[in-house]
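K.L.:
Provided herewith is a single structure, encoded as C-alpha cells, for subsequent inquiry.
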Amino acid sequence: MRKTLTAPTSTPAPARTRRTWVGVLIGAALVALAAVSLLIGASNDVSVSSLAKGDGDALFLLAASRIPRTVSLVLVGASLGIAGLIMQMLVRNKFVEPSTTGVTEFAVLGMLIALVFWPGMPILPRMAFISLFALAGTWIFLRIIRFVPVRTLVLVPLVGIMLGGVVGAATTFFAYRLDLLQSLGQWSQGSFATVMRGRYEFLWVAVVMVVIAWLAADRFSVIGLGEEFATNLGLDFRRVVAIGMIIVAVITACVLVTAGVLPFLGLVVPNIVSLIIGDNVRRAIPWVAGLGSVFVVACDIIARVVRFPYEIPLSVVVGIVGAGLFLWLLLRRRGRVH
Amino acid sequence: MSMIRPLSALSLVAASALVLAGCASQNDAEAAAGGDAPAGADETIEFTFENNIAGEDEEPEYESVTVNVPKDPENVVIFDMASLDTWGSLGGAPVVGAPLDSVPDYLADFVADDAINAGTLFEADLLEIEAAQPDLIIVAGRSATLYDDLREIAPTVNLSSEGSFEETLERNTTFLGEVLGAEDEAATALADIEAQLAEVRELTAEIETGLSVMVSGDSLSALKPANGDYSGRNLRGGLVYDLFGVAPITDDIEAATHGEPISFEFLTEFDPEYLFVTDRNAATNEEGAQSADVVLDNDIVHETTAWKNDNIVYLDPTAWYIVFGGLQTTQIMIDDITAGVA
C-alpha cells in the first residue's frame, strides 16, 4: 500500500514507459512465436514460400491443423494465467493456482467418474460435469484454508498440494481398481498433438470466462484486500468469491478436456506480471493473458521440435520450465521479508 | 511397467534346451513303448528359461533357471493370456486360476467355471493361489516379476519372450505340448501357423509402406519395428512389421511401450499406403467401444492415401494389445492382416 501512495510522486514517468516497453515486448514475442508455431509441424508442406504461392495442401494444413493448434495454445495460455490470477486474489496468496490447491485433482477425479459411468458422454456435458468437480474442489479448499491459523505464504499452497495429493490418491486408487490407470494418464497428460479443426472450439467457453474476469476485475482487486475491507466498500464479498470460483473451475475444466493438465502456469505468469506492474487486476489481466500465451506457445514449440517429427508431451516441457520459475520465485522472496 | 523382458544372446540356447528328463523306470517304459512315456504321477519335464533378476525399470540381468515341471498337471494357474491360449488350444484341462477380469471372451472356455481369481495381469493374489494348491503356475511378460513369490507356492515357469515372436511361440507351444503330452498337436499347430504366415507375408510384400499406430484417448502414437531387439516395448505394434513383413514408413521411431506421440499431420507427411490401428481405448475399456475410428475420422486423415484407398486396418485390440501370443490369438492376428491387405 505504501508503495502505491508514494510511487506517483517519486518516479511516475520512467516506470510507466518501462512498463509500456515490456508490454510491447510481450506482444511482439506473442506474434513472433505464433508465426513460428504456424510454420512448425510434422508436415513440411507448410512454409512461407508455399503459402505465398497459395499451395492447396499448405493452405489446407494451415486451416485444419496449424491455426487451430496455435489459437488453442493462445487461449489455453491466456485462460490458465487468468485462472491463477483470480485464484490468487480469492485466497490472497501469491503461490496458489488450480494445480496447487487441489482444484485440478478434483477435476481429474470428475473426468475419471465421467469416463467410467458415461464413457460416451458428449464433450459439453462432460465439461460441465468436470467443472462441477473443480468447483467443489475450490470450495473445499477455501473452507479448509479458513481453519488454517497461521496463513504464511507457503503454508497455504502446501495445504492445497496436500489436499490435491489426497484427492489424486483416491483417483489413482479407483483408476487402478478399474484398470484405467494408463487411460487416465493418457487423458490428463497435457498435449496439443491432436488438436485440429473441430476439436478445440469449446475452448471459447474459457474465453467467455476470461471476459467475465475482465469485467469483474476491479472487484477481484478489492476482495484481494480482504473480506472486511471489501465489505466496508459495499461489495458483496461472497458473490464475488462465487464468481471467481466459477471462473477458475470452468477454465480448469475446459483446459483439462482439450489439452490435459499443465502445471505451474497459473502460478508463474501472474507472479511475473505482478513483479512488473503490481497487483491491480484490471491492469494485470491483458498482461497475464499475453504472457500466459507466450509461455504456452513457446513450450509447445519446444515440445514439437525436440523429437521432430514426433512430439513430446507439452506438460513435460511446461512442468520443467514452470517448476524452474516457481523455485526462482520462491527463493527470491524468501531472501526478502518472510 | 515393462511387458516382456528382453532376450539375452544366449536365450536361443535355452529355447532349445528343452529336455525330457526321467527316472530309470520311465526310460525303460519309453524304450518298451518306443515313444512317449505314459503319464506317471511323479513324472517331470525339465524346463530352462532365462529369468530377469534385475528390478523393474533397471537394465535386465538374466539368470538361467531350470524347473522340474510335472507332466499332465491337474491344477494349473496361468497369469499370461498367451500361455492360457496355447494351453487351452492344445487341449489342456480348464485352468483353476487366472486373472479372471482379463480373460478375453474367446479364451473363456479355457478357464474352469469355479476358477479362482488369481489377481490381475500384473499382480497375484498369493493367498488365494496358495489355497488352490496348484501343481503348476505359468507367468510371462507382465506377470514375470511375480516369479519369485509364486515359486514358493508351486513349480512356476516364466514363459516370457525369448527371441522373436515366432521363436517364443515355438518354444512355448512345444513346451506346453510336452507338458500335456500333446507333442503332435503342438507340432501340427506350429506348422499350420508357419504356413499361414508365409502366405500373409506374400500378401504384405506387395504393400509398399505401412505404419502401425496406437490410439489412446484422443491421442495418436507411432509404433516401432523391433529391428532385432525383441523386448516387450517393441512387441505388439511392431509385430505388423516384424512378424507380418510390412515395410515401415520410417525406421526412426523410438522404442516405447505405447509408441511415440505423433500429430495427424505426421500421417499426411509420411503418408503410408496402409495404416494399422491398435485401439487401446477398446482394449482396456469395453464400454468405450471402437473409438479409434472416430478419432481418425477427421479432415486431415481424410487427406491421406490410406484413408482414400480405404486402407486403414483396425486390429483386434484384445488380441494385439492384451494377449499377443498363443495359438488362437496368432490365428486372429493372421486373419486381421489377411483381411486388411487382401
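Cβ atoms here come from the backbone N, Cα and C positions, even for glycine.
Nobody curates TrEMBL annotations by hand; they come from automatic prediction.
Features from TrEMBL:
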- A:21-42: transmembrane segment (TRANSMEM)
- A:71-91: transmembrane segment (TRANSMEM)
- A:103-121: transmembrane segment (TRANSMEM)
- A:127-145: transmembrane segment (TRANSMEM)
- A:152-176: transmembrane segment (TRANSMEM)
- A:202-220: transmembrane segment (TRANSMEM)
- A:240-264: transmembrane segment (TRANSMEM)
- A:284-303: transmembrane segment (TRANSMEM)
- A:310-331: transmembrane segment (TRANSMEM)
K.L.:
For the transmembrane segment (A:21-42), name the stretch out of A:103-121, A:240-264, A:284-303, A:310-331 with the most CB-CB pairs under 8 Å.
P.N.:
A:284-303
K.L.:
Mind checking which residues reach the transmembrane segment (A:152-176)? Cβ under 8 Å, same chain, six or more beyond either end.
P.N.:
91, 93-96, 99-106, 108-109, 112, 116, 137, 140-141, 144-145, 183-184, 330, 333, 338
K.L.:
Taking A:103-121, A:127-145, A:240-264, A:284-303, A:310-331 as candidates, which has the most Cβ pairs under 8 Å with the transmembrane segment (A:202-220)?
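P.N.:
Answer, by Cβ pair count: A:240-264.
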K.L.:
Near the transmembrane segment (A:127-145), which residues from the same chain, at least 6 beyond its ends, have a CB less than 8 A from one of its CBs?
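P.N.:
Cβ under 8 Å, 6 or more out: 87, 90-91, 98, 101-107, 109-111, 113-114, 121, 151, 156, 159-160, 163, 167, 202, 205, 241, 245-246, 248-250, 252-254, 256-257.
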K.L.:
What stretch of A:103-121, A:240-264, A:284-303, A:310-331 shows the most Cβ pairs under 8 Å to the transmembrane segment (A:71-91)?
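P.N.:
Counting Cβ pairs under 8 Å, the winner is A:284-303.
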